[in-house]
């Protein structure tokens, strides 16, 4: 019942009370009730019987009970002071509400008129003042009375409405979805049939003429007579058209917003300040791993999606976007962290979020947009890795060019040193006092030649003398040297498998690999006691393969012969691990950063792979795999005799270094040949044109100004297809493949014996 109806009833009654099903007052008025009726002033929420005079409680309690049972009751009360008598009309207003209307007997009120006023007039006056539509209908649902508000809302005249019933064709009633209301579903017929109030029925009404459709919220309350039958029904209704249209517009906007959100590729999540999720769009399902219905109601830090940092590590709650926005009351942009689903799957998220602040300055909601950037992060990391690798390759390439140039110049010098020493040794008797000086020259030259090979090794483009070797034997031979390299507190242990398949490698480089890695391990252990272990084994297939977690370069496909070096030091930091083989990268104060770069280069040259990682618990592990040499290895060929080759005629020597021309000429003359020389390729071709009739062979350097050796050889071959040609070079960063059987190669720096062997192989292939 509305407040307006209570106010209207107070105009015609001395006391108006509303009592709920629990006997508590929901209304008490007017402000000056009859004197002597209550012990204490009545107020909403108190029990009626508790504030009544004790001698009145029994009669009024009985009246309340009768009204609840039959619908109506009348109680006559006798008071001590004026007015002497007071009547209460009690009626059931529905939904457990009892209406008590009191009037003093025999007392006139100038504001209300005579107490003997006709009740019908009073009721008509009350109803005419209401803005709520009220229709009184009989037991057959016929309209007995309607107030002006009802006529206006329905768009009918009193003559049109009186006598009509709920299913009259003068108005069409329908549900919200457009279905007609069957007559049995109308609120009044239902209230008559059930003898109970019917509340809050929303009906659409098509009014006559040009009047627009109207939506009403209808209540129908039956009034029962003393026999329990329906005497009439009070039907009241309010215009809810604007409210309904506003709600419909809001629902359309909500549906549109939901559709927009659901078409977004970003997950959109709305949270309460408590952290509870109240909305999630469809994209959030794929990010959080649950259906929307299961997401809503969970907390932002629900254990179904454990929050981590981008690398999978733990993350403090205050670093999560929700906590940041709540603490700062400011938006966050591209905050990245990971989540781990219950099944162990991991995602990396990019989160934008902002608070929704209400008019009181409080955070009312928090809205977050969430993108799954797992794939983008992976691609970026791959790009960074590729870029790092390209930069490493570029540095290696630049260093290789430098190393090749240095090796070329040094090797040209060393040709003069070593071959001159050979010539001196050949001239001097074995007991000559200067033989010792010659040996010193040879030793120094050989050490210098080894340094140039080491300079090329780290670039992976060096040229090595490969042999068929037993890896265990080669490593075992370094035991004393390795022990001498490290402090006495570091123990070196060997576990070398016997009878390994042979590998094709340069034994000097294998020993250099072992020394570099062992020395790094010992330096990582530091001043404390520790152990470095070297193990070899054969890996025939994947089942017997090594555990390779960390950085792997090359193809670790079996079969391979493995060398594993591990230690009990502190291990390798991830950032260091990614750069450990870069030239010039070092973590040591006095390091040059070339040792492990040379190791990588040598392993590449032998066709192997390498791995660096950390053992479970502690310590670093280096693993190297080398393919077995197989039976077809040609590198372990028998050493050819180094005697004087059977040469005759004139040999053309083309080299831009004077010292090389002089020593090669001296050796060739010692072999019994005549020699003509040229200072570069162009000069060499000119010399050949003049002396072609007597030139029987040519010795050509590869790297020369104006015209390189490759082009010289092609032009010589065009002029003399049967001319034997010996190619020589101090650059070891490329392979030199003969273009035919009448071509041979010798690497600088060479000795007299090396030149003799190369010339001997060449002469034996010349047709008779």
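Cβ coordinates are placed from backbone N, Cα and C, and glycine is handled just like the others.
Mean pLDDT across the domain 'PAS' (119-163) comes to 82 in this model. Residues or ranges marked as domain 'PAS' by TrEMBL: 119-163 (among others).
Annotation comment: TrEMBL describes 199-252 (among others) as domain 'PAC'.
Feature annotation from TrEMBL assigns domain 'PAS' to 253-298 (among others). Residue counts for the domain 'PAS' (253-298) under DSSP, helix first, then strand, then coil, are 22 helix, 10 strand, 14 coil.
According to DSSP, the domain 'PAC' (333-385) comprises 12 helix, 31 strand, 10 coil. Per TrEMBL, the feature domain 'PAC' maps to 333-385 (among others).
Sequence annotations record features per position, and here TrEMBL assigns domain 'Histidine kinase' to 405-630.
For the domain 'Response regulatory' (650-763), the DSSP counts in helix, strand and coil order read 47 helix, 27 strand, 40 coil. The domain 'Response regulatory' annotation in TrEMBL covers 650-763.
Sequence-distant contacts of residue 701 (4-aspartylphosphate), defined as residues of its own chain at least six apart whose C-beta falls under 8 angstroms from its C-beta, comprise 654, 655, 656, 657, 660, 709, 728, 729. Taken from TrEMBL, the feature 4-aspartylphosphate applies to 701.
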Taking the domain 'Histidine kinase' (405-630) as the first stretch and the domain 'Response regulatory' (650-763) as the second, find out whether 3 or more Cβ pairs fall under 8 Å, excluding pairs closer than 6 in sequence.
yes
Which of 199-252, 253-298, 650-763 has the most Cβ pairs closer than 8 Å to the domain 'PAS' (119-163)?
199-252
Going by DSSP assignments with H, G and I as helix and E and B as strand, what are the residue counts for the domain 'PAC' (199-252)?
12 helix, 29 strand, 13 coil
